[in-house]
């Protein structure tokens, strides 16, 4: 009896296979196609990821940033590949995409600060407003850039402090790069007493800047009376020099101005104010 049941089961299974042969063949083809999609997608993801990494390294982009962005490209391609494979075997990909979208939204809301810094880091890498080794002012913080990472930028101030600034704050503020241009301009505002001889002051200032070798003579040099101030007449001196010489030129020229003016008897007045008193006579009693 049991032998008959086994035979009947085998016959039933055979009949079902024959009846559903087309359906099984279709499923088999879809599964093989899905596997092929996954294999090809993984190969393409690796090739494109490596190409992106090499491209960014060739453009001297930080290795950490290059690795992160290339990995982001790779996993993005893999995600699309898996969705395509699921669709090939009959899974409703619309619901999968909806779930992934909801999960991504939740993660984005939870990490919006970090994602903002990430997006800002990508923009800094793409547009390169500053590079490691350059002296910059980032939102009021000045120093030498040590590294530009995905989420933050590290810099050293002139007094030796190490400061880490989130990239989101950098993008939202002003970026001043002091190192990008090879030459820069110094400006001096020199105030002298009102009884000083204007021509003598201009001649001394002109001689000082003409004799300074680090000042670029092929650039415009300005020595002009700029303002009649409350306590002094103010001259403006504008000169150009190489960026590396800028600060030393400023200090040395300022010292020479003081020495030359002292030798010529030209004084630098202190802020002063004239106060006039007016006597008011009291009315006599009637």
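Using the three backbone atoms N, Cα and C, a Cβ is placed for every residue, glycine included.
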In Swiss-Prot, which of 31-52, 119-140 is labelled transmembrane segment?
31-52
Membrane side match, residue 28 / residue 185, Swiss-Prot record
no
With Swiss-Prot as the source, which of 7-27, 91-111 is set down as transmembrane segment?
91-111
Near the transmembrane segment (31-52) in space but 6 or more residues beyond its ends, with Cβ under 8 Å, are 66, 69-71, 73-75, 77-78, 80-82, 84-86, 88-89
As a test of reading the model: what is the averaged pLDDT for the topological domain 'Cytoplasmic' (53-67)?
75
